[in-house]
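Swiss-Prot annotations:
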BINDING   Gly114, Thr115, His116, Gly117, Lys118, Thr119, Thr120  ATP binding site
Amino acid sequence: MKLPEALGSIHFVGIGGIGMSGIAEVLNNLGYTVQGSDVAENANVKRLRENGIAVTVGHKAENIDGAEVVVVSSAIKRDNPELLAARAKRLPVVRRAEMLAELMRLKSCVAIAGTHGKTTTTSLVATLLDKGGFDPTVINGGIINAYGTNARLGAGDWMVVEADESDGTFLKLPAEVAIITNIDPEHLDHFKTFDKVQEAFRTFVENVPFYGFAVMCIDHPVVQALVGRIEDRRIITYGENPQADVRLVDVDLRGGITRFGVVFRDRAGTAEHRIDGLKLPMPGKHNALNATAAIAVARELRVPDDRIIEAIGGFGGVKRRFTRTGEWKGATIFDDYGHHPVEISAVLRAARAATEGQVIAVVQPHRYTRLASLFDEFCTCFNDADHVIVAPVYAAGESPVPGADSEHLVQGLRARGHRSVTALKGPEELAGLVAGLAKPGDFVICLGAGTITQWAYALPGELEKLG
């Protein structure tokens, strides 16, 4: 039995979240009655209202009046008044991943997992399948610039989804094709140990049916080790590694455009196919790897080479992934979601390769617990930045952790030899600090998953006011 058409009104608690909003939008486009609530107005709430979805700001028991089903994300606490009211009324309460899984049962699915790169890779797979004539349904964890949204309902038989591993619920997602970009220590608040994180990814691959396949990056040692432990599923490996089935070659990172080729080989090593002349209009080898994963899927689904080249060349990117927000006196300001040391390092490495000027990093650490558990990694991930400006930690509802704050991060960076590290008290000081550092040709990159995105968009105008 699949998702019934006559389901009644579906209420989303926390509908403005990036994952929840995408599911709500697709359900609405399928003809279901959708409503929801969130704690504050945001761009997702505005977009959903424009699509005819009723959204209330604030969580109150009466918001679920008329609802037959209530959907909640893992961020919703057990004492939420709408959740309590739903249980008092004995309404079905559905986790976000469960509802996503129900949507996935309507199509054949590609699910993209990994600690980093999921959103960009999901967008690339969607772009390639779109160009290949598949007209896919897409539910992503970020705004795809070409769509202006993170979700779309396609008429084709395929769905492309970002599989969020943060709370383990990605194991509920039924996918014919699985991608794993990398596996790093993250979300240990849920998994407790890194071994359990790795075991979850193994289960994710083993959940793929026998007629499906998994695409896995063997440049990452943890993923390569995982490949060796999976026996009964078809695996396609990718990366710069000479042993990869789909190999990234001839990478040229100059000028903010990533040029590369891809070589396909069968396991016997006898057959080889190349696609050369690929040009991805975003910087960074990590993005070339993301594109290689997407190309591996596209070729398996018989997307022609010329369509692959065209799709990669026309890729519009994802909001908050090395997004240019403006210029000031020849310096370019960017906004990026990077908030894990591996992500920050990759973004700064890409920036270093793309400009001959300075790289100025402005970081707003996200969550005290993340900074505490990865403190040494945070202190060494800014090596490609000429200057680092450290803002106060964005708590995301957490209580402070001793020794894990912006002051200690500044001290840690200096202790490990970084030559230029400055503490930032608040956004009102940012323009003055940047103005004293930036020169023509420099890149100013605002990094973090919190409110720093607003600073990044405001910064060009604030710099102009300074003259």
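Backbone N, Cα and C define each Cβ position, glycine as well.
Quantities reported herein were computed from a predicted structural model and do not represent experimental measurements.
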Around Gly117 (ATP binding site), how many other C-beta atoms are within 10 angstroms of its C-beta?
25
Applying the rule Cβ within 8 Å of the centroid of the Cβ atoms of Gly114, Thr115, His116, Gly117, Lys118, Thr119, Thr120, what extra residues of the same chain belong around the ATP site?
Ile112, Thr121, Thr181, Asn182, Asn290
How many other Cβ atoms sit within 10 Å of the Cβ of Thr120 (ATP binding site)?
31
Below 8 Å Cβ to Cβ and six or more residues apart, same chain only. Which residues does that give for His116 (ATP binding site)?
Thr181, Asn182, Asp184, His286, His340, Val342, Glu343, Ala346
What is the total of other Cβ atoms whose distance to the Cβ of Gly114 (ATP binding site) is within 10 Å?
23
